[in-house]
Amino acid sequence: MQRSNHTVTEFILLGFTTDPGMQLGLFVVFLGVYSLTVVGNSTLIVLICNDSHLHTPMYFVVGNLSFLDLWYSSVYTPKILVICISEDKSISFAGCLCQFFFSAGLAYSECCLLAAMAYDRYVAISKPLLYAQAMSIKLCALLVAVSYCGGFINSSIITKKTFSFNFCCENIIDDFFCDLLPLVKLACGEKGCYKFLMYFLLASNVICPAVLILASYLFIITSVLRISSSQGRLKAFSTCSSHLTSVTLYYGSILYIYALPRSSYSFDMDKIVSTFYTEVLPMLNPMIYSLRNKDVKEALKKLLP
């Protein structure tokens, strides 16, 4: 730590444990999870690109979600693996900044993508005859582009504000990556304006997409209840089940960490929940979107010899 300018040149990531046996076990687990994430998401992207039956608005967005999950997991896992097997737990100031920027940008983008998918499901169920016109590839591309651009613009704002603080107290982060809350805890100076910005971005990038998702599902439920046959209603709900599962798991994790009152906040619980949405969920998403999907299964059969 450089005392002359009262800031730090690197941070120390404590990770999960200091026990060598546990660290080795965690290394094997995280390597296995990351391998499945890479294989699952890469396979889904290849299937969507290669099979003409999957060249639809829904799969266009699903493919982008797989790409995002692949990128998202890759932001964290290499450093986690190093922390698990190396005595050097440090990450440079620049490395921490980059990890923070990409993790925030991808998290914001995923919230918007999930909202776009909810709208896609609403159009598919409520206006099936006009689906191709209402959800054109151009519109899907625009929704994806807005999701990424909006996510990373907002990420650049919070990143610049976060790393403009002086970290003059300690450089030890009680986490396995450079997350917002542990960094804010280390920062010195007035944080009133920062907290306002933090909650504003939380509201605009997480809560607003969540409201849009809820609104879409309210309209979906209304449309489904108008379907006369029980088989038709079941098929309509089945169409939304994979997306609803993904939304519940992702938003449940995000809101638990960032919207929970500070009086009940725990860094240990934060690590567990963060592990779920940064490592486990990107691995599960390809399974969630493909296990019950006949089109994906057929495309996989064609791809395999």
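The backbone N, Cα and C atoms fix where each Cβ goes, and this holds for glycine too.
Look at Swiss-Prot and you will find 1-27, 86-96, 160-200, 261-271 tagged as topological domain 'Extracellular', backed by sequence analysis. The N-linked glycosylation site feature in Swiss-Prot is assigned to Asn5. Swiss-Prot lists 28-48, 65-85, 97-117, 139-159, 201-221, 240-260, 272-291 with the feature transmembrane segment, giving sequence analysis as the kind of evidence. The annotation topological domain 'Cytoplasmic' is assigned in Swiss-Prot to 49-64, 118-138, 222-239, 292-305 on the grounds of sequence analysis. Annotation source Swiss-Prot lists disulfide bond at Cys96-Cys178.
Comparison of 65-85, 139-159, 201-221, 240-260, 272-291 by number of C-beta pairs under 8 angstroms to the transmembrane segment (97-117) places 139-159 first.
Of all Cβ atoms in the protein chains displayed, 26 besides its own lie within 10 Å of the Cβ of Cys178 (disulfide bond). Proximity of distant same-chain residues to the topological domain 'Cytoplasmic' (292-305), defined by a Cβ-Cβ separation under 8 Å and at least 6 residues beyond the stretch ends, is recorded for 43-44, 46-48, 50-51, 53-54, 59, 238, 241-242. Same-chain neighbours of the transmembrane segment (272-291): 30, 33-34, 36-37, 40-41, 43-44, 62, 65-66, 69-70, 72-73, 76-77, 80, 103, 175-177, 179, 242-243, 245-246, 249-250, 253-254, 256-257, 297, 300, counting only residues six or more beyond its ends whose CB sits under 8 Å from a CB of the stretch. Sequence-distant contacts of the topological domain 'Cytoplasmic' (49-64) (same chain, six or more residues past either end, CB-CB distance under 8 Å): 113, 116-117, 120-121, 124, 131, 135-137, 139-141, 143-144, 289, 295-296, 298-299, 302-303. Residues 57-58, 60-61, 212-213, 216-217, 219-220, 223-224, 236, 239-240, 243, 247 of the same chain sit 6 or more residues outside the topological domain 'Cytoplasmic' (118-138) yet have a Cβ under 8 Å from a Cβ within it.
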